Amino acid sequence: MRELWRLWPIYSLCLKGLKLWFKVSMICRRISTYLSWDENASFEDAVRTLNTLQTNAGFLEQIKRERGDPQVQLEAMKHYLIRSGLQVEDLDQLKIIHVTGTKGKGSTCAFTERILRGYGLKTGFYSSPHLVQVRERIRINGEPISPELFTKYFWRLYNRLEETKDGSCVSMPPYFRFLTIMAFHVFLQEKVDLAVVEVGIGGAYDCTNIVRKPVVCGISSLGIDHVSILGDTIEKIAWQKGGIFKPGVPAFTVSQPDSPLEVLKDQARKLMCPLYLCPPLEAFEEEAQPLHLGLAGDHQRSNAALALQLARCWLQQQGHKGIGEMKATRLTSRRALPLAPVFHPTLPMKQGLQDTEWLGRTQMLRRGALTWYLDGAHTTSSIQAGVRWFRRAVLNQEKLNNGPEVRVLLFNATGERDTAALLKLLQPCQFDYAVFCPNLTEVSPVGNADQQNFTVTLDHVLTRCLENQKQWNRLAEEKAGVDPWLAQAPELGSGPLHGPLLLVPPAPRPLNANSLVFSCISHALQWISQGRDPHFQPPTPPRGLHSHPVASSGAVLLKEASSIQVLVTGSLHLVGGVLKLLDPALSQ
């Protein structure tokens, strides 16, 4: 026993050496992981690998099963975060503005980020989905991170997660979780002054809700969307959105219907979260100096009002000066909710609102006789707002001459949305043609990495387009009667869905409701533009582009029209594909 006791110092020294070796090896392993991304790996390689993480139907079912306990999903997110080399406490370093809502949350984030950038702050911005390239989701100072930065951070994170996998867990998080963790790494490593973080879906169960201490939270307008995950009533959805509230962290919301507002108030009270109702934008305007917004549409005014409050609150919490003097007002809240302060917007606030750009939301591209109206609206309330914007913009647009005007709808919708309800709202726009296509820029996947979606098949998306066309024709038939001389179209599924072009006539065609289905966005744009858009350079038109009478007669009309008004709506992914083709610079 004494002999063993004499050996204790040696044993102790060996033990200390072993511990030191273990620590050094772990540090070296982390450094190796940090530097192990392949310098020769391309941005396209990173995107293709990222696409393998896309959420499948099974994972969506898992989310539905787990939604009774948000901690299950947040714990999974925390586990991935730790394996990536970060602790939840590390996120406290990011001075985050956390924003959710059914519609307008992206625009609110864009307004907020642009205002704060005007104060000379280095901003981070995490949003979804992307329009053209996935790197749009992670922005620094308003610009998507470069392909080089995206590639570097992607492989660092991917390799780190590969090295830390074990038998008890899946090595990689799903697509959105991966990008969220990656955004946190980018913002911390690039040392941004603040990060504006847009919730993906809902709030309570969203992986962005791993953030413990945001500086301020915002909730934009509420509506019905993602019912299978968030619930089938606006009250259930409001509960999900209010899940981002944190004790003691101020939160702001815009005017909401009474029932969801009561849910938000109740959640805020339980969490001891100070919740304020935003006054309308008119309260901040002077008669001689109205506020000009960079985003068109009346619905953007509530988003801008919310952004003003979020930006001012963030500046105030961080001790910045020049946050806007309080304004004398007689406004009072009739909703039993404290009214947010009314103040004189500062010059950076005014300039920020005016300079805000947010592609694909109430965006116009004027190309000679062609005017493209791009709006990724995909809920009933956002479609209504988009219709108001489109009709007003068309009325206000100066006519080039007295020739014929043609109106075209380019539409697609994804997920479980009620397309019949959305299309019914679009009927008053009096379109001459309704065109339907999937969210694929080309039928071939080459060059389509950023738009690839492995969760659905080509047959599925084309069948959905045919169903949308059928709904449109039915609505038009109810409104205008049926033209009996047209032959019946082929039954759904009677012929192959694959091929360079899918062009389906209505069956039968209602009067004044010509509709067509194309197999990809490129073919749809070729037919709509008829070579009259100087920025759109399509490949050689596929055979059969004008093989159907509706397409052939429509092509003549489109070539002769003095004005062609095209509304692209129903899906942000559709809008993104259209933008990619109409403005190739966005893909560079």
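A Cβ is built for glycine as well, from the same backbone N, Cα and C atoms used for every other residue.
The annotation Mg(2+) binding site is assigned in TrEMBL to Ser128, Glu198, His226. Positions annotated as ATP binding site by TrEMBL: Arg361, Asp375.
The CA atom of Arg361 (ATP binding site) is located 13 Å away from the CA atom of Ser128 (Mg(2+) binding site). Rounded to a whole number, the distance between the Cα atoms of Glu198 (Mg(2+) binding site) and Asp375 (ATP binding site) is 19 Å. Cβ neighbours within 10 Å of Asp375 (ATP binding site), excluding its own Cβ and spanning all shown chains: 25. Sequence-distant neighbours of Ser128 (Mg(2+) binding site) (same chain, 6+ residues apart, CB-CB distance under 8 A): Arg137, Phe176, Leu179, Glu198, Gly200. The number of other CB atoms found within 10 A of the CB of Arg361 (ATP binding site), across every protein chain shown, is 26.
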